[in-house]
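Have a look at the structure below before the remarks.
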Amino acid sequence: MSDYKFTLNLPETEFPMRGNLANREPEMLERWTKDGLYQQIRDSRIGRTPFILHDGPPYANGSIHIGHSVNKILKDIIIKSKTMSGFDAPYVPGWDCHGLPIELKVEQKVGKPGQKISAAEFREECRKYAAEQVNGQREDFIRLGVLGDWQNPYLTMDFSTEANIVRSLSKVIESGHLHKGVKPVHWCTDCGSALAEAEVEYEDKTSPAIDVAFVAADSKAVAAKFGVSGYSHPVSMVIWTTTPWTLPANRALSLSPELDYSLVEFEKDGVTQALILAEVLVESCLTRYNVESHTVLGSAKGAAFELVRFNHPFLDFDVPAILGDHVTTDAGTGIVHTAPGHGQDDFVVGQKYGLEVANPVGDNGVYKPDTEYFAGQHVFKANDNVVALLREKSALLNHVAYRHSYPHCWRHKTPIIFRATPQWFISMDNHGLRTQALKEIEQTQWIPDWGQSRIEKMVENRPDWCISRQRTWGVPITLFVNRETEELHSDSVSLMERVASRIEQQGIQAWWDLDAAELLGDEAEQYRKVTDTLDVWFDSGSTFSSVVAARPEFHGHGVDLYLEGSDQHRGWFMSSLMISTAMNGKAPYKQVLTHGFTVDGKGRKMSKSIGNVIAPQTVTNKLGADILRLWVAATDYSGEMTVSDEILNRSADAYRRIRNTARFLLANLNGFEPAKDLVAVEDMVALDRWVVRRAAALQQEIIEAYEQYNFHIVTQKLMQFCSVELGSFYLDIIKDRQYTAKQEGHARRSCQSALYLISEAMVRWIAPILSFTADEVWQLLPGERDAYVFTQEWYQGLKSVTLATDLSDDYWQQLLTVRNEVNKVIEQARRDKRIGGSLEAEVTLFADAALTEQLTHIGDELRFVLLTSEAKVLPLADATSEAVETELASLKLLVASSTAEKCERCWHHREEVGTIEAHPTLCTRCVTNIEGDGEVRLFA
C-alpha cells in the first residue's frame with residue numbers, strides 16, 4: 001500500500017476542522033482593524049449607488065444584551081449583502097447620549113445638580129459617563145463582527161449633532177408645528193418630569209375602584225327631565241373611577257349624548273334615593289351597591305342633561321354635566337368623572353366647554369398647599385383618605401380593590417399620573433401633521449407588512465407630542481419667551497441658528513452660559529430664556545437630518561432603511577416620522593423593518609430574576625460570534641426570537657456542517673492553480689457541469705433572499721445545498737475521481753474546477769452571515785485575489801451551461817433518488833454482516849424500460865454514482881425473489897458481496913486485479929491513472 005499511497009491525490013488544507021472561533025475571531029478582528037478593512041470597503045465602492053441604512057442609536061447606558069446583538073447583526077448582514085450587490089453602503093453606528101437614565105447614574109455618584117455640584121459640572125459628568133458607556137458597548141459590538149465606522153460614530157451629544165438637533169427644532173417651528181399649552185401629560189413623580197409615550201410601560205396595578213354620587217343642585221328639575229314631576233328625594237349622577245385622588249380636580253360629569261339613561265329609585269338603610277345610570281348598566285351597578293329591589297322612574301337621552309349642575313361630593317361648588325364621545329358602557333356607570341387636568345379625554349372635552357384645567361398636584365406628586373383636605377399628601381397615599389371623606393359625606397356607593405393595566409415609568413417601574421403642566425408640543429392637527437404623516441406611512445414599505453397598520457393606528461390616535469422635559473442633561477429648547485405675553489420672540493428661527501453656532505463650538509452648555517443680552521441687546525429684559533430640555537426622542541428622531549444629512553459619506557442621499565425592534569413603532573420610527581414630516585413634508589425612510597424580541601426556550605422574556613438571561617458576551621467567549629450570527633440569520637425575526645443554550649448548540653451543529661463543507665472544498669483544491677488548471681464549464685464532466693448549474697441557480701435564490709431580507713431562507717438554502725446536493729450526493733461521488741484520477745488529468749481538473757467555482761461563490765454567500773469563517777476561507781482559496789472577501793461582489797464565474805448532449809437536471813434528480821434507494825439496501829446488507837463497505841457490494845438494478853434507459857445512459861460510470869464496485873441494470877421483469885422492493889415502483893434491487901479482488905489503490909473490487917504483471921494488486925483504471933494518460937470520465 002505504501003508504494004501506491006503517494007500516487008493518490010489526498011486532500012490537504014490548513015483550514016482546521018474545529019473552528020476554535022472564540023480564540024481565533026479576536027485575532028481576525030485585530031487584522032481587520034490593522035488593515036483598515038472598513039475603509040477598504042468604502043474605497044471599493046466609490047461612485048456606486050448609495051444604500052443608506054441609518055442606525056437607530058442604542059442608549060449609552062449599561063452592557064449590550066442579546067436584543068442589541070440581534071439588531072446589530074441584522075444590520076451588518078444587510079450592509080454586507082448590499083455591498084456584495086455593488087452598492088456603496090456605509091454603516092455609521094450611533095448612540096443616544098442624553099436623558100434621564102444617565103442623569104440617575106450620575107446622581108448616584110455626585111448627587112443632584114444644584115446641591116453638591118453645579119448644573120454645568122453635572123452635565124460634564126453626564127458627558128463623561130456617556131462616553132465611557134459608548135466605549136464599552138462599542139467593543140462588544142465590534143466583537144460580533146459588525147463592520148462600521150467605529151472610530152467615528154455619531155453621538156447625540158457630539159457638539160455638531162447637538163447643534164443640528166437645535167436646527168431641526170427651528171425648522172419644525174418655522175413650519176408652524178410648535179405650540180405651548182397647559183395639557184395633561186404622562187408625569188413621573190419620581191423623575192419630576194413629563195414622559196413621552198415611548199417612555200410609558202403598562203403593568204398590572206391594584207387600585208381602589210369607587211362609585212361616587214354627585215347630588216343634583218336641583219333634584220326636582222332633574223327628575224322632571226325623566227317625566228317625573230314634583231320629585232322630593234335627592235337625585236344623583238353616579239361616576240365610577242379607579243383614581244380617587246383626581247376627585248379634587250373634578251370639574252364636570254360627562255355623558256354620551258345618544259345613550260339612554262335611567263332614573264332608578266330604591267331604599268337603602270332607611271333612606272330613599274334616586275340614581276341616574278346608563279340604562280344598560282343598571283343591573284350591574286345595583287348589584288355592586290347591594291340593592292335588592294328598585295323602581296325605574298323614567299328614561300332620557302344623555303343630551304337632555306347638558307349643562308345641568310351637580311354638587312361636588314366634598315368641595316363647595318357645583319359642576320356641569322357635559323357631553324362627550326369618549327363615554328362608553330364597557331365598565332362603570334355610563335357617566336365619566338371629568339378632571340381636565342388629569343386626563344387627555346377630559347382635557348379635550350373640557351376645552352370644548354371652557355372648563356378650568358385644575359391641577360392641585362405638584363411635580364413630586366404631592367397636593368399643593370392650597371388643596372382643601374389633602375394638602376401635603378402624596379396622591380397615591382391620599383386615595384384612602386379620599387375614600388374615607390366620601391364615606392363621611394355619604395357619597396360613596398361602592399369601594400373595591402380593582403386589578404387593571406396601568407401606566408408606569410419605564411425607568412423607575414413606578415405608577416405615573418396624568419398631570420396638567422405648561423409644556424411645549426408639536427401639534428398633530430394645527431398644520432395637518434397627522435394627515436400628512438398618514439399619507440407618508442402609505443408611501444413607505446413596512447416589513448413585515450403588519451407594521452403599517454400598527455403605526456397607522458398609533459398616528460391616528462396619538463395626542464400632540466409633548467417635546468419638553470424638565471431635566472438637566474439634554475438638548476435645550478433654545479427659545480426666548482416674552483415675559484408678559486408668553487409669545488415666542490418674532491425672530492426665533494434666526495436666533496436659534498445663532499445659538500446653534502455656539503453649541504457647535506461649545507456644546508449645549510453654551511445655552512446656559514449665554515447672557516440673553518448678547519443676542520437680544522436692549523430687548524433682553526423683555527424676554528426670558530426657556531429652561532426646558534428636549535425629549536430624547538426628539539434627539540434620536542431628528543438624526544436623519546442632524547446626522548445623515550450632515551455627514552459626507554451619506555452623499556446627501558435619503559435613508560433607505562430603518563431597522564429596529566417592534567417596540568420602535570411608537571418610539572424611533574414614530575418620532576422620526578413626526579419630525580421629518582414636520583420639517584420636510586415626507587417620511588425620513590423608504591423601508592422600515594422590525595424584528596421581534598428575544599425570549600427563552602419557554603417563550604419567556606429575558607429576566608435576571610428568572611435566571612434565563614443569555615448574554616452575548618458569554619456566547620462569543622464560549623461558542624464564537626459566528627455561531628450567534630448564524631442563530632440570528634436562521635431565525636425568522638418577524639416574530640419572537642427564541643434563544644437558549646440548547647438552540648445555540650443546534651446552531652453550532654449547523655455551523656459545523658457548513659464548516660466541514662468548506663474544509664472539504666479547500667482540501668480538494670490542493671495543488672489547483674485557477675490561472676492554468678481551470679476547466680471551462682462547457683468542457684467539464686457532466687456531473688461537474690450539473691453541480692455548477694445548481695450552484696448558479698442557488699446563487700440567484702440566495703441573492704433574492706438577501707434582497708428581501710429573508711436571511712432564514714438564505715441559511716435554509718445553504719444548509720440544504722451543503723447537506724443534500726453536495727454532502728449526500730456530489731461530494732460523495734467525486735471523492736473517488738478526485739483521489740484516484742491522474743493528478744493533471746481532465747477528470748480531476750474538471751472536478752477541481754467545479755469545486756473552485758462553488759468555493760468562490762459560497763464564500764461570498766456566507767460572508768454577510770458567517771463573516772469570520774468567510775474571511776478564514778478567503779485567505780486559503782487558491783489564485784490571485786484581493787485581501788478581503790468583503791470588498792467583492794457576488795461571484796460571476798458560475799455559468800449555467802447546458803449542452804445539447806447534457807443530461808437534464810431532472811435526470812440527476814432521478815439518479816439521486818435511485819442512489820438513496822441503493823444506499824438503504826446497502827446499509828441493510830451491512831447491518832446483516834453480508835458486506836463491509838459499499839465498495840464490497842455488487843448491485844443489480846431491476847428497472848422498467850424508462851428507468852433502464854436512464855440508468856444505462858452513463859454506462860459503467862453508474863457504479864461511481866452508486867459508490868459500488870459493480871452496477872448491473874436488468875429488466876424489472878427479471879427480478880428474482882431475493883430482490884428488494886423500493887419506494888420506486890419502477891425499481892427493485894439486489895445487493896451481493898463482490899467475489900472479485902480488491903484494488904490496493906482505489907479499493908474497488910475488480911475482476912482484473914491480479915492480471916496485470918507490473919501491478920498485480922491494481923485494477924486497470926488505477927494503472928492508467930498512474931502510468932498512462934489517465935482515465936476518461938464523461939458523466940461522473
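Cβ atoms are placed via backbone N, Cα and C, with glycine included.
Values in this document were obtained by computation on a predicted structure and should not be read as measured data.
Noted in Swiss-Prot for the protein shown:
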BINDING   Glu564  L-isoleucyl-5'-AMP binding site
BINDING   Lys608  ATP binding site
BINDING   Cys903, Cys906, Cys923, Cys926  Zn(2+) binding site
MOTIF     58-68  motif ''HIGH' region'
MOTIF     605-609  motif ''KMSKS' region'
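Taking only the Cα positions, the spacing between Cys906 (Zn(2+) binding site) and Glu564 (L-isoleucyl-5'-AMP binding site) is 56 angstrom. Around Cys923 (Zn(2+) binding site), the C-beta neighbours below 8 angstroms that are at least 6 residues distant in the chain are Cys903, Arg905, Cys906, His908, Arg910, Glu912, Val913.
Summarising model confidence by region, the motif ''KMSKS' region' (605-609) averages a pLDDT of 79. Taking only the Cα positions, the spacing between the residue listed as 'ATP binding site' and Cys926 (Zn(2+) binding site) is 65 angstrom. Taking the centroid of the Cβ atoms of Cys903, Cys906, Cys923, Cys926 as the Zn(2+) site, the other same-chain residues with Cβ within 8 Å of it are Thr740, Glu904, Arg905, Trp907, His908, Arg910, Val913, Leu922, Thr924, Arg925, Val927. Counting only residues at least six positions away in the same chain, the Cβ atoms of Tyr4, Thr740, Cys903, Arg905, Cys906, His919 sit under 8 Å from the Cβ of Cys926 (Zn(2+) binding site).
DSSP assigns Cys906 (Zn(2+) binding site) to coil, not to a helix or a strand. Least crowded of the binding-site residues (Cys903, Cys906), judged by neighbouring Cβ atoms within 10 Å of its own Cβ: Cys906. Comparing the binding-site residues Glu564, Lys608 by how many other C-beta atoms lie within 10 angstroms of each C-beta, the top residue is Glu564.
Reduced to three states, the DSSP call for Cys923 (Zn(2+) binding site) is coil.
Each residue in the motif ''KMSKS' region' (605-609) gets a DSSP state, and the totals come to 0 helix, 1 strand, 4 coil. The DSSP breakdown of the motif ''HIGH' region' (58-68) into helical (H, G, I), extended (E, B) and coil residues amounts to 3 helix, 1 strand, 7 coil. Annotation note: Glu564 (L-isoleucyl-5'-AMP binding site) sits in a strand segment as assigned by DSSP.
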